[in-house]
Amino acid sequence: MPNRAFFKNIDSILLFSLAGTVWNCFAIGGSLWFLSTYGIFSVNFSTFEILIFAALVSASDPVAIIVVFEEIHVTEFLFINVFGEALFNDAISVVLYNMFISFVSQDPSSLSLWDYTSRGLSFFVVALGGVTIGVIFAFITSLATKYTHDVKIVAPVLIFLIPYMAYLTAEMVSFSAIIAIAVCGMVMKQYVKGNITDSAANSVKYITKIISQSSEIVIYMFLGLSTVSADHYFDLPFTLAAVFFTLFYRTIGVVVQCSFLNKYRSEKFRAADQFILAYGGLKGAIAYGLVVSIPAAVAAKPMFITTTIAIIYFNVFIQGITIRPLINLLKIKTEEEKSEKMVESVYNKYMDYMMQGVEEIAGQKGHYSLIGRFERFNAKVLKPIFMRHEKRQNIDFTSVIRSYERSILEDAVKLAKMKSILNNQQEIHRSQNIHLDEFLQPGENMEQLYLLFGEFLEKRKRMEKSIEEEKDIQDDYLTEVNAHSTANFGQHLQEIEMKEMENKKNDEELDV
């Protein structure tokens with residue numbers, strides 16, 4: 001499981017697994033109970049008995065989902081949301097199942113408001129207790145592999161033994177064993193892989209593959225054998241209603257939850273993604289394991305077993321077989337067809353650092369700020385404790401903020417210099433206008449101007465007179481003088497216009 005993608009989508013995963021499972025459980029159970037009041041079904045059941053059945057059919061099977069999604073290569077965004085939901089809604093379903101089992105063993109008339117409240121609060125205690133046990137045993141595994149590095153054969157044994165002890169411990173104290181072992185695996189991934197050799201890591205990888213494949217074969221073999229060997233009670237209306245309600249309420253839940261998430265997420269759930277989320281909620285071994293564990297005192301147990309097997313067959317064969325053609329029909333992008341591949345984990349890490357800097361600049365504390373705090377705590381405290389060759393590090397994420405502040409200061413200095421230059425040019429322009437205005441004022445300056453024009457006219461007359469006396473060069477000389485004067489006057493006029501345009505532009509920039 002990609003841990004970074006998992007925690008990046010933790011909000012949607014928890015919403016789907018927690019709110020979605022609770023919604024499916026009570027919606028399916030309430031609908032079936034409502035139909036039973038009209039005598040449609042041949043077997044009667046109580047409210048808590050039908051809620052037991054609704055809780056177990058609300059669990060999505062991660063094994064079936066992994067097989068199907070790895071076959072069709074869906075995007076990591078879809079994969080982690082569906083797989084994360086299936087992983088944790090199994091645990092939520094088991095918690096709900098155990099809670100309703102405890103209600104069945106008691107007389108409904110003797111139950112008080114405190115009983116219902118305490119069972120509801122125990123729902124969160126059981127889940128959080130499983131998380132705590134998983135983290136504790138993950139740390140134990142990390143320390144054990146850290147100090148047994150020289151004994152290569154011990155590390156693989158500890159990696160399998162200690163997490164299984166976490167599962168048994170959680171089961172013994174009535175916490176969620178599935179959550180315990182799942183969290184234990186996620187935390188171990190952070191530290192254990194750095195403590196073991198490559199050969200030990202390969203051994204763990206292939207042993208895990210062998211055990212998982214063997215377990216799946218055994219589970220589905222028992223599922224097939226129970227179809228022909230177990231005692232069944234087939235109620236067609238109940239089976240059809242259960243299949244319909246599981247699909248109907250899951251679709252409604254996915255659409256409502258995705259519409260809520262799309263308001264607050266940058267990566268949206270498109271209509272095609274919502275279809276895959278709703279259609280990919282396959283049932284499997286968890287539902288079968290829970291239904292055969294229902295106490296024999298429940299009269300409707302044979303009907304529940306038959307209906308659960310029918311739902312599993314419908315999900316695995318009908319939905320599992322048709323999901324790939326539907327993806328091709330809807331032209332949903334898969335990992336192989338994406339034009340832009342998933343970036344590497346190191347690049348993702350630096351992207352997280354950059355986004356954390358953006359959040360700091362914006363003055364907000366969001367998802368990336370929490371990642372940054374955990375990274376600092378992890379590098380400074382946890383890694384030196386649980387990993388070999390890891391020293392205490394002080395990760396500085398504020399370099400982005402300092403770079404931003406430095407660039408802002410540089411821009412401010414450039415702007416100040418530009419403003420100073422523009423102010424000087426404007427002052428010079430204003431001073432020139434003032435001198436010209438003073439020069440044009442009536443008084444001695446005007447008399448000097450008249451004298452200058454008089455001298456100019458006298459020189460012009462003398463020039464014209466000399467030109468008339470030298471008639472042999474008049475045409476060529478006047479043509480040359482006029483051409484030269486016109487060129488100089490045009491160039492001078494062009495320079496004046498360019499200066500005026502430049503001054504006007506500077507004034508506009510100054511105003512801006």
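Heads up, the Cβ atoms here are built off N, Cα and C, so glycines get one too.
Predicted automatically and left uncurated, TrEMBL annotations should be read as such.
Database features, via TrEMBL:
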DOMAIN    1-327  domain 'Cation/H+ exchanger transmembrane'
TRANSMEM  12-35  transmembrane segment
TRANSMEM  47-69  transmembrane segment
TRANSMEM  78-101  transmembrane segment
TRANSMEM  121-144  transmembrane segment
TRANSMEM  151-167  transmembrane segment
TRANSMEM  240-264  transmembrane segment
TRANSMEM  276-298  transmembrane segment
TRANSMEM  304-323  transmembrane segment
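By the Cβ criterion (under 8 Å, sequence separation of 6 or more), the transmembrane segment (276-298) is in contact with the transmembrane segment (78-101), since 3+ such pairs are found.
No contact links the transmembrane segment (304-323) to the transmembrane segment (12-35), because fewer than 3 Cβ pairs that are 6 or more residues apart lie under 8 A.
Tertiary neighbourhood of the transmembrane segment (240-264): same-chain residues 11-12, 15-16, 19-20, 23-24, 27-28, 31-32, 35, 40, 53, 57-58, 273-274, 277-278, 281, 283, 307, 310-311, 314, selected by CB-CB distance under 8 Å and a gap of 6+ residues from either end. Of the candidate ranges 12-35, 47-69, 151-167, 151-167 has the most C-beta pairs within less than 8 angstroms of the transmembrane segment (121-144).
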